[in-house]
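Peer 1: Handing you a structure now.
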Amino acid sequence: MEKISAFFVILFLVSSCLVTMSVGDICQTDRDCVEIGIPRCKRTGKMPICYNGYCCCICSAKRLPASTTRKPPSPSTSKLV
């Protein structure tokens, strides 16, 4: 009986790890979505984008533009003593 219980505990732990790995981030760039074989979006016909680690078709409106301007240093941090 103890061996069966231990087997099920190990099986549960292994399956939990597999679920965690499959639910994690699947992309870091838009190109990753193409390489893993995500099909074109049905509504737009465009390729999905990578948004927060997931390939997404409806996220393009929510994507924040990359800022190219740098924030000037504040006076308190730019002083040399």
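One is the number of the first residue shown, and numbering goes on along the chain from there.
Using N, Cα and C of the backbone, Cβ positions are placed for all residues, glycine too.
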Peer 1: Looking at Swiss-Prot, which of CYS41, CYS50, CYS56 bridges to CYS27 via a disulfide?
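Peer 2: Out of the candidates CYS41, CYS50, CYS56, the one Swiss-Prot links to CYS27 is CYS50.
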Peer 1: How big is the gap, in Å, between the Cα of CYS27 (disulfide bond) and that of CYS33 (disulfide bond), rounded to a whole number?
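Peer 2: Per the Cα atoms, CYS27 (disulfide bond) and CYS33 (disulfide bond) stand 6 Å apart.
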Peer 1: Can you check which residues sit near CYS33 (disulfide bond), meaning Cβ under 8 Å from its Cβ, same chain, 6 or more apart in sequence, and list them in order?
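Peer 2: Set apart from CYS33 (disulfide bond) by at least 6 residues yet with Cβ under 8 Å, we have CYS27, MET47, PRO48, ILE49, CYS50, CYS55.
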